[in-house]
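Engineer: Quick one: the structure is below, and I'll ask about it shortly.
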Amino acid sequence: MAKDIYFNEDARKSLLSGVEKLSNAVKVTLGPKGRNVLIDKKFGSPTVTKDGVSVAREIELENPFENMGAQLLKEVAIKTNDVAGDGTTTATVLAYAIAREGLKNVSSGINPIGIKKGIDHAVNLAAEKIRQSAKKITTKEEIAQVASISANNDSYIGEKIAEAMDKVGKDGVITVEESKTFDTTISYVEGMQFDRGYLSPYFSTNKENMSVNFDDAFILIYEKKISSIKELLPVLEKVLGTNKPLLIIAEDIEGDALAALVLNSVRGALKVCAIKSPGFGDRRKAMLEDIAVLTGGVLISEELGLTLETVEIEQLGQAKTIKVDKDNTTIINTGNKEQIKERSELIKKQIEDSTSEYDKEKLQERLAKLVGGVAVINVGAVTEVELKEKKHRVEDALSATRAAVEEGVVPGGGSTLIEVAMYLDTIDTSKLSYEEKQGFEIVKRSLEEPMRQIISNAGFEGSIYIHQIKTEKKGLGFDASSFKWVNMIESGIIDPAKVTRSALQNAASIAGLLLTTECAITDIKEEKNTSGGGGYPMDPGMGMM
């Protein structure tokens, strides 16, 4: 296919035009007075959102060169969302500001490589300053403040997230689901829950809700299938002597082994229940090891030289409470706290080393089941459109809150970026080249843009207020929702440090790519043949009658 090629100024101008269009669509959502964006869907009702990354994801431009610029900027929003969970609009505004100011300098003949070096130098100093300025958050109230701001100043959502995080801990899993009612509620699952139910309803001890409820029970954790009752007899006899219930977890239990267990359960000879192992493949073995650690038992595996016939009562796990229904099993643990902590640290290390988002998610779930449990926020709303928008906000707020717990918080509303710009003013740049100094200055000017946009969305002129902030004492900022000068931290207007830092670093990265682009290549669209010509071609041998 033939290609269209733009060089030099033409390439950069076209890319910047696309960046500007996407930035204009996204920046209107910034701040407490940010506006909604309505997104058409081919099927169903349109989506209403104030989420920058949701707007960015939807944008495709007709001009292929402009579209390339827009897609680069979209990458800023998506990457920031993936890393920090919020700050996508801030990142977009910063990236456009750095690219716009940088391209002015490139157009005047300044070497873009030198400009990029200066930008990188300033951003590295700024990122370190943000890290140093961060204040650790510890209280439930501070967590609620962060969550409320990220949920577009919805204090109810903020309180629900803080409540969930307080219950399950910072390593616990909090999931967001759609509620079947109009209300937003939280439900909790203590201990370890996994999606495996009983192998036979005849195991149930509560006939009303068809569930198995055991207290102070033993757990046999076996890696392979069990098909013969003879293999199980030795361990069953040992458990029978203790008069305690037994939960059997194995790859599968079939044949006369399952039949004998059901018969014993129905007759009341032994309180027993059998379930299949959770997970698949390598993950199955890891989850069985988690259950063993959680319950203080041993995974009975031939690799370790252990067989069913030789199992001792000390090798069985123990649980305070076990609940099994047709779909799920919940185990409330009594395991060794030290062993659980060691296992948790191992999983945290695996999360850090993993490059797959799917693997990270599964490891995080395993960690939560070990240390705290799972909280589910059920989001309710009156209409489907409102439900989608609200669920987006809750997910954003949850991600931002996790980022805040991880790296701490800084004053919000763009005031931290202004303070960082003032800090960069104090840096000695005499050893930098002329081009690098220009790049350094570009970052300083661009750091004002997010606050300027927040104030603009509130209906005021940003430049006046930015000048005033620079002369006020540290920590003061403009509250765009109440139109007052306030101490940002004391007023609860805070941003996660990780969000602010990631937004700046990702913005500078993509802006640097735009500045150093000298050529852009895209496919030439083929014109579709619109000439008539329906019907069959005439046979050349056929003449007119």
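Placed from the backbone N, Cα and C atoms, the Cβ positions cover glycine too.
The following feature annotations were taken from Swiss-Prot:
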- Thr29, Leu30, Gly31, Pro32, Lys50, Asp86, Gly87, Thr88, Thr89, Thr90, Gly413, Asp495: ATP binding site (BINDING)
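Map the listed features onto the structure and describe their local environment.
Structural biologist: Around the Cβ of Lys50 (ATP binding site), 21 further Cβ atoms fall within 10 Å across all displayed protein chains.
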Engineer: Looking at the binding-site residues Thr29, Thr89, which sits with the largest number of other Cβ atoms within 10 Å of its Cβ?
Structural biologist: Thr89
Engineer: Long-range same-chain neighbours of Gly87 (ATP binding site), Cβ under 8 Å, sequence gap at least 6?
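Structural biologist: Gly87 (ATP binding site) has long-range Cβ partners Thr80, Asn81, Ala400, Asp495, Pro496, Val499, Thr500, Ser502, Ala503.
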Engineer: Run through the Cβ atoms and count how many others sit within 10 Å of the one on Gly31 (ATP binding site).
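Structural biologist: Neighbour count, Cβ to Cβ under the 10 Å cut-off: 26.
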Engineer: Given the ATP binding site residues Thr29, Leu30, Gly31, Pro32, Lys50, Asp86, Gly87, Thr88, Thr89, Thr90, Gly413, Asp495 in the record, what is the largest Cα to Cα distance, rounded to whole Å?
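Structural biologist: Largest pairwise Cα separation, rounded: 17 Å.
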